[in-house]
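S.K.: The structure's right below; bear with me while I get my questions together.
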Amino acid sequence: MDSIVAPVTALVPQPVGILRLSGLNLWQQIQPLFPGLPCPAPRKATLLTLKRQGQAIDSVLVLFFPGPHSFTGEDVVEIQAHGNPQNIRSILHSIEECGIRQAKPGEFSLRAYKNGKISLLKAESLHRMITAPTYGDFLSAHSSFSRPENHPLATIKEAFLDLLASFYAFLDYPEELTDSEHSYSHSLLFPKILTLQHLSRHQLSLFRKNRRVFSSFSVLLAGPPNSGKSSLFNRLLQSDRAIVSPYPGTTRDLLEGRLSLPFGDLLLLDSAGFRSSSNDLIEGMGISKARKTIAHVDRLLWVTSPETLAPLPFSTRTPYFTIWNKVDLSPPPPILPPDFVVSARTRKGLRQLLDALVSLAEDFYSHHNNSTPLLDSERQAQALSSFLKAITRAEDSLRSNAFDLALTSLEEARNLLEDGTGMISTEEIYDRVFSRFCLGK
Ligand SMILES: Nc1nc2c(ncn2[C@@H]2O[C@H](COP(=O)(O)OP(=O)(O)O)[C@@H](O)[C@H]2O)c(=O)[nH]1
Ligand SMILES: [Mg+2]
């Protein structure tokens, strides 16, 4: 497997920028950056001079985690450099010159999973920890990550193994059970099924209730070209991320920015302008993406201005505010009073608009600050929902004494839970059959 590198901090001016590398015999590969220097002691910060073609380019702290005792299971090196974005780019380039390629998103975690360092469940909890828009959601994910036995699917897996063990014992060793034990075993299965159904339904309903919150409270700026959406985007985020230009159609795709508020993130999206006929294919794609996005955001800001006065040209279920921008040029017409009157140029009215958005976000998050462990993803929820159906089919078959059919449904349930959690080994089931049941042998 080839070696990979990724900057793990954003490419913005900051004191420290960190690059992470993973691969086999990694120190040997990056030796050209540290000519003649021995491999640093494992897990100790070591100050080294990083060179490119023999020239010193930065002094960096290097952390070396030899495999297999590392996050990915391979050798991992972390380089903490001076966080000037140009410097980080230059170091990245030097690392690529050593034959190490840039990692794809999630590739470090994928390697950790493939090398048996983390389970599928842990990988998904980790992803949720990183992207959680609220602190409660972060704690919920962290609880599953640090104690995988807390994960809802782990609890369900326990209960399911219990059921399977009882069922196999009942099928495989009927002669070991006396008559009364026989009926006891049979009636033992139903309460176990009931428990499983209850646990699964409970987790699915918790997940559905909280699902909205897995993605941040989102606000989309839309409106005719040149109404000042990108200028507002920058003002609201207090940055110059979106390219603002006097020519229509400069913003070609969706831009994202986040305001980190005390109760959760506000995700602000800037879209390309809406025009009935855009000959520009790329801009056209940006527009259709924005229309699709409208259906999924929590609030739409429909931005118009003196040159581009246009009411919302379509109906939508998404709640929206109408914004009159460029009030420094002229006030809004009295016929269509907008919800907010602002000027991105002079900042007039921006405070009121921002306050309104922040209070909507606060309201959105106030119902959802739940730090109990939850399912991490739609994938897990789907696996669990199919699992629940299979368990219920097994119950129906058992009630009509169709044991073969019950077995088939339980095997299906097992596969579904395996999809959700990673592996369930046959040993795990038989361990229970032998350890928990007094079979007399
Ligand atoms: N006078 C004035 N001009 C503005 C204001 N907001 C934006 N503009 C200008 O309008 C033009 C288009 O702005 P931009 O943000 O790119 O619009 P977008 O196409 O909707 O993203 C630029 O020349 C901006 O400088 C404003 O509040 N007042
Ligand atoms: Mg724009």
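Cβ coordinates are placed from backbone N, Cα and C, and glycine is handled just like the others.
Straight from TrEMBL, here's the annotation block:
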type    : residues                           : note
BINDING : Arg20, Glu78, Lys117, Lys441       : (6S)-5-formyl-5,6,7,8-tetrahydrofolate binding site
BINDING : 226-231, 245-251, 270-273, 343-345 : GTP binding site
BINDING : Ser230, Thr251                     : Mg(2+) binding site
DOMAIN  : 4-117                              : domain 'GTP-binding protein TrmE N-terminal'
DOMAIN  : 120-438                            : domain 'MnmE helical'
DOMAIN  : 219-307                            : domain 'G'
S.K.: Please give me the CB contact count at 10 A for Ser230 (Mg(2+) binding site), counting all chains in the structure.
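M.R.: For Ser230 (Mg(2+) binding site), the 10 Å Cβ neighbour count is 25.
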S.K.: Give the distance between the Cα atoms of Arg20 ((6S)-5-formyl-5,6,7,8-tetrahydrofolate binding site) and Ala344 (GTP binding site), rounded to the nearest whole Å.
M.R.: 40
S.K.: Which one is it: of the binding-site residues Glu78, Lys117, Ala344, whose Cα lies the shortest distance from the Cα of Ser230 (Mg(2+) binding site)?
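M.R.: It is Ala344, whose Cα lies nearest.
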S.K.: Which binding-site residues from the set Glu78, Lys229, Ser230 come near ligand 2, judged by a Cβ under 6 Å from any of its atoms?
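M.R.: Close enough to ligand 2 are Lys229, Ser230.
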S.K.: Measure from the Cα of Glu78 ((6S)-5-formyl-5,6,7,8-tetrahydrofolate binding site) to the Cα of every one of the binding-site residues Asn226, Lys229, Ala344, then give the nearest.
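M.R.: If we rank Asn226, Lys229, Ala344 by Cα distance to Glu78 ((6S)-5-formyl-5,6,7,8-tetrahydrofolate binding site), first place goes to Lys229.
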S.K.: I need the most crowded of these binding-site residues: Arg20, Lys117, Lys229. Count other C-beta atoms within 10 angstroms of each C-beta and give me the top one.
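M.R.: Checking each of Arg20, Lys117, Lys229, the winner is Lys229.
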S.K.: For the binding-site residues listed here (Asn226, Ala344), tell me which residue's CB has the most neighbouring CB atoms inside 10 Å.
M.R.: Ala344
S.K.: Of all the binding-site residues given, namely Asn226, Lys229, Ala344, which is spatially nearest to Lys117 ((6S)-5-formyl-5,6,7,8-tetrahydrofolate binding site) at the Cα level?
M.R.: Lys229
S.K.: List those of the binding-site residues Arg20, Glu78, Lys117 whose Cβ lies under 6 Å from any atom of ligand 1, in sequence order, or write none if there are none.
M.R.: none
S.K.: Which number gives the other C-beta atoms within 10 angstroms of the C-beta of Glu78 ((6S)-5-formyl-5,6,7,8-tetrahydrofolate binding site), all protein chains shown included?
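M.R.: Neighbour count, Cβ to Cβ under the 10 Å cut-off: 18.
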